[in-house]
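Listed features, source TrEMBL:
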type	residues	note
DOMAIN	1-90	domain 'CARD'
REPEAT	611-652	repeat 'WD'
REPEAT	653-694	repeat 'WD'
REPEAT	695-738	repeat 'WD'
REPEAT	739-780	repeat 'WD'
REPEAT	835-867	repeat 'WD'
REPEAT	956-988	repeat 'WD'
REPEAT	997-1037	repeat 'WD'
REPEAT	1038-1079	repeat 'WD'
Amino acid sequence: MDAKARNCLLQHREALEKDIKTTYIMDYMISDGFLTISEEEKVKNEPTQQQRAAMLIKMILKKHNDSYISFYNALLHEGYKDLAALLHDGIPVVSSSSGKDSVSGITSYVRTVLCEGGVPQRPVVFVTRKKLVNAIQQKLSKLKGEPGWVTIHGMAGCGKSVLAAEAVRDHSLLEDCFPGGVHWVSVGKQDKSGLLMKLQNLCTRLDQDESLSQRLPLNIEEAKDRLRILMLRKHPRSLLILDDVWDSWVLKAFDNQCQILLTTRDKSVTDSVMGPKYVVPVESSLGKEKGLEILSLFVNMKKADLPEQAHSIIKECKGSPLVVSLIGALLRDFPNRWEYYLKQLQNKQFKRIRKSSSYDYEALDEAMSISVEMLREDIKYYYTDLSILQKDVKVPTKVLCILWDMETEEVEDILQEFVNKSLLFCDRNGKSFRYYLHDLQVDFLTEKNCSQLQDLHKKIITQFQRYHQLHTLSPDQEDCMYWYNFLAYHMASAKMHKELCALMFSLDWIKAKTELVGPAHLIHEFVEYRHILDEKDCAVSENFQEFLSLNGHLLGRQPFPNIVQLGLCEPETSEVYQQAKLQAKQEVDNGMLYLEWINKKNITNLSRLVVRPHTDAVYHACFSEDGQRIASCGADKTLQVFKAETGEKLLEIKAHEDEVLCCAFSTDDRFIATCSVDKKVKIWNSVTGELVHTYDEHSEQVNCCHFTNSSHHLLLATGSSDCFLKLWDLNQKECRNTMFGHTNSVNHCRFSPDDKLLASCSADGTLKLWDVTSANERKSFNVKQFFLNSEDPQEDMEVIVKCCSWFADGARIMVAAKNKIFLWNIDSCSKVADCRGHLSWVHGVKFSPDGSSFLTSSDDQTIRLWETKKVCKNSAIMLKQEVDVVFQENEVMVLAVDHIRRLQLINGKTGQIDYLTEAQVSCCCLSPHLQYIAFGDENGTIEILELVNNRIFQSRIRHKKTVWHIQFTADEKTLISSSDDSAIQVWNWQLEEYVFLQAHQETVKDFRLLKNSRLLSWSFDGTVKVWNIITGKIEKDFVCHQGTVLSCDISHDATKFSSTSADKTAKIWNVSNGELLHLCAPLSEEGAATHGGWVTDLCFSPDGKMLISAGGYIKWWNVVTGESSQTFYTNGTNLKKIHVSPDFKTYVTVDNLGILYILQTLE
């Protein structure tokens, strides 16, 4: 240190030791790199304030010149201006050519210029914002030595002052643009006397030798003139920095041909001054990474080691630089208070988050309150109205026009005032303006106006009701989406419980909202406001929530289903059903078609929630340990996380480069593991979605992953198509153990509840148990035997167990094969229960932590949540899809085969079942007068059973292959059958006479009897033929499709016939000339069938005006226009046949889940 500087410090040592408080002085010297943390601790260990000051000065005396300058600057910044003045004469002389300091990267020239100009030091913890700093420097360069204004504009606490100081901390900028120096003035909110004092102090600083005048200016005008002369004569080409300017009249005092950089919350303050103007807007958020960096520097930790609360704090304050810095400074002193300060933020306790010495306001709420107080009185109360806005919501201008009953232009003018003063933000998207508040502003307003909130919410509801009726809301209206999303929120907040119940229990509202935004948000509202809705009627609330939960996969699809028809499928006691029935009856009078499912009371719904988060097959879904979240993954390469109760999406991550096959939550819910066809295993932060680890030691696709159940020593198991299982420790970069033993792909793995065993399922047909500690095989089971009691033929069992899940007691395990789920007792190897519900392969099963429910995920793109008790109690009889139906007056009689091979006769109206006999049948039929039943089998045999005396008649001539369809003629004397052998047999079983119809080249798919001894048949060969069954000759032959013809029918007037095909289309033809009249089920633009799959059956109405078709679901078509009249969605899919009554009012089918549907048109 220079002798002059050293002597000056020693001379004034006593005064310094007596007055200074070392804490914040040391903060600035540490941030500047001239004091170490260990030196700070040494000072803090001194018992008294005076001794701490003495120790600090002793240390400075041992350092170099820059330490003296740093100490001087710290005194200035912390308000010790008198003490700084004592040291001013001792400031060491440094040349502008000095090199950069090794710590801060700032030259001594810059340090001296800024120190003399009173520019604040960098904060103790500083994170650069290069993009903004560069923008400010570019604007300053544009002044080019000429008078002008550069405005840094942003909301309270966004870091404007720090950015202004950082922008001038640049050697070349100062030397080239502002060689006369930089002069910092902290303006703040001032009256005229306060402004005069600021001007007097500035003039004194600029005229230290008093060569211009020996007395202070007496008024603002004189001060303005003095400042102009000083800047012109003594400090030409210098920069004046005005920090925290509130009023435009203040700027007029500095409008004297100077170069000025100013910070403000109100960008309109420069409207009153002349000269070039440039604006640099400062966003209110640092961004997540920068925010975490600041916190890590304050608490001296690596970013990766910060607790979960750090992420929550950044999220809660939206990365506000002020809040992050305030909390960081507090945490430095109280490192165990992460949870405490997070709660203060969440509970809006801003007064608990108090000042650091460098900020002008005592607490965060004061910083925001001062901005509101500066508003004009005539618009201040409009800002209060914004207290009802929610976080992260951009509100269209139209909503506020309705709230304030004003024209758009008037509202925009008021809102622009708020925007100018950084009290509101505007998103200009094309022509429309959308306005939003920062989260901290929302918290501040709700806290400040808490006593008025109910009335404010009531006001917006009242105004909405004046302007809108619910049925008049149209998607093309600017404010439509806002009302659909937040009308219920405003009603609940206004305590308008009656109105809220009327809204939420309205099928019209449900329809309108789900069509626009899907069902998840509505389910969330039923959960959120359950305490209010249950006051009205607990059962009704449950009715609507269950309706949405179980139909969510349909309500999120396009085209949007008819919600009234869906409502008619609800139980008759449900409020949803009753509203749907009322609406349906009104619409039926206007020609609309609706169906009643008359036997639905016999069906038990085992699912609790059905969602469709993915755009392709779902391969896996799992609960978080607390049961609040569900993670899922699939063929669309994404990882999805959503709420378990409502299905609301929380995260969507593009997780891998190929299909994601499995996902798993860690026991502490901090991580989610994913594995993929791309051979990689990845670990993600479950809250933020950040990638934590990537492992790539498997040589083939990785099929499964699972964490241990204890977080004490967290391990991850993975299984791959390379036949190996691997164990991973998240603290290590490489695999801990590899398990050998399977001879084919490992499909699935699960740790036992005590983590001692690992179960694995493989395509080699075994379930193996491994010792986790030693990685040795403990036990091996042949799983295939568990499925041999199933109704499926043994040859269909090639794909064995896809997945397994342990019950909490470790004694039971759940496994999935095809579209079925089985629950097994491990010790006894006995089946406890089974269930179906998915439309395709089940890829994943997982119990909830308490075992009360379990998840299944499937190729059908759905995830189902099941109730374990219901599944274990369920003993429903499942029908095979080969059924026949006879309609007699008001009776509907159904002949069917169930899953345990019993032939049963069901009365469709009463539900009464008569069990007839056990038989191995491939098809069956009833005679028209219910005297006989007939059935065929896989060997080609056909038998007839006389119901009165149980006599059996058997055909002498068998088909060569499986019999697929049989039907009696109206007189019951003849039985017609078709088979895989491409022949149709006409058997007069009473006379033992046979006629064979042979012309098809491939399997005859089906046939239909027509009038006058005619028969319509269709085949895999793509042709449709009309036969005379007496002569056995072909009368007409049509080539309708390139692929298999699945079904045909001819209109009653014989002018039109329809055909369906494996190409997923239904066509209507002119019988006389073979012309194609309509294509009823074309592919959509995306290539997906609009009928949900193959169209497998169809039938004309007696008048020929309507056509019904079956496939993925049932559709009714207008034959004249070719448009769909109605759609009925079955629980399952792949409907094989639809049986239609002669009056075209009753319809019977069975889906692939074995559920029987007897539908009747509503009249």
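Just so it is clear, glycine is given a Cβ too, placed from its N, Cα and C backbone atoms.
Note: TrEMBL annotation is automatic and uncurated.
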| note | Reduced to three DSSP states, the repeat 'WD' (695-738) has 0 helix, 22 strand, 22 coil
| query | Could you give the mean pLDDT over the repeat 'WD' (835-867), rounded to a whole number? | reply | 67
| remark: Contact set of the repeat 'WD' (1038-1079) with the rest of its chain, CB cutoff 8 A exclusive, min separation 6+ beyond the ends, reads 1005-1006, 1008, 1010, 1016, 1018-1020, 1022-1025, 1089, 1091, 1093-1100, 1102-1104, 1107, 1109-1111, 1117, 1119, 1122, 1137
| Within the repeat 'WD' (653-694), how many residues are helix, strand or coil going by DSSP? | 0 helix, 23 strand, 19 coil
| request: Mind tallying the repeat 'WD' (997-1037) by DSSP state, helix then strand then coil? | output: 0 helix, 25 strand, 16 coil
